């Protein structure tokens, strides 16, 4: 009989922020497994809050080395609804057109996120932002701090389409 390694259960808190929207922005992910915690954050000189929210989930999932069962907790209704209600998958299946026939935004990021969700078993849960959830508040601080750093990265896809 073949032995299988039990799949690790990971919780990832994510958040994104943008000053000005568009403007300088940051993302953050806090990964939790048992008593271990890893914090990831970064920023871009010109981006949007939605791009940072999606990127936070991408960065969190990208940090995982093996297939995991993941719960992503976010205060972004767009992120949670797009993944849990199947909006992003529908946009992808309809050549990145929304139900109103308009082109979906942030296709580059949605594609990456959908690919990562095919690698792992992922569930998304919404949490009220700026509330009593300590880890959501930590993510908020991390992404806001990241957006204030000097020498922010360039969001090449956003800047090439926004100009």
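Glycine too: its Cβ is placed from the backbone N, Cα and C atoms.
Pulled from TrEMBL:
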DOMAIN    6-148  domain 'RNase H type-1'
BINDING   15, 53, 75  Mg(2+) 1 binding site
BINDING   15, 140  Mg(2+) 2 binding site
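For the domain 'RNase H type-1' (6-148), the model's pLDDT averages out at 96.
Note: the Cα of residue 53 (Mg(2+) 1 binding site) and the Cα of residue 140 (Mg(2+) 2 binding site) are spaced 11 Å from each other. Rounded to a whole number, the distance between the Cα atoms of residue 140 (Mg(2+) 2 binding site) and residue 15 (Mg(2+) 1 binding site) is 6 Å. Of the recorded residues, residue 140 (Mg(2+) 2 binding site) and residue 75 (Mg(2+) 1 binding site) place their C-alpha atoms 10 Å from one another. When secondary structure is read from DSSP and collapsed to three states, residue 140 (Mg(2+) 2 binding site) falls in the helix class. Figure note: comparing Cβ neighbours within 10 Å for the binding-site residues 15, 53, 75, 140, the maximum is reached by 15. Close to the recorded Mg(2+) 1 site, the chain also has 14, 16, 17, 52, 56, 74, 76, 79, 129, 136, 139, 140, 143: residues not among 15, 53, 75 whose Cβ is within 8 Å of the site's Cβ mean position.
Mapped onto three states, the DSSP output places residue 53 (Mg(2+) 1 binding site) in helix.
The DSSP breakdown of the domain 'RNase H type-1' (6-148), given as helix, strand and coil counts, is 56 helix, 49 strand, 38 coil.
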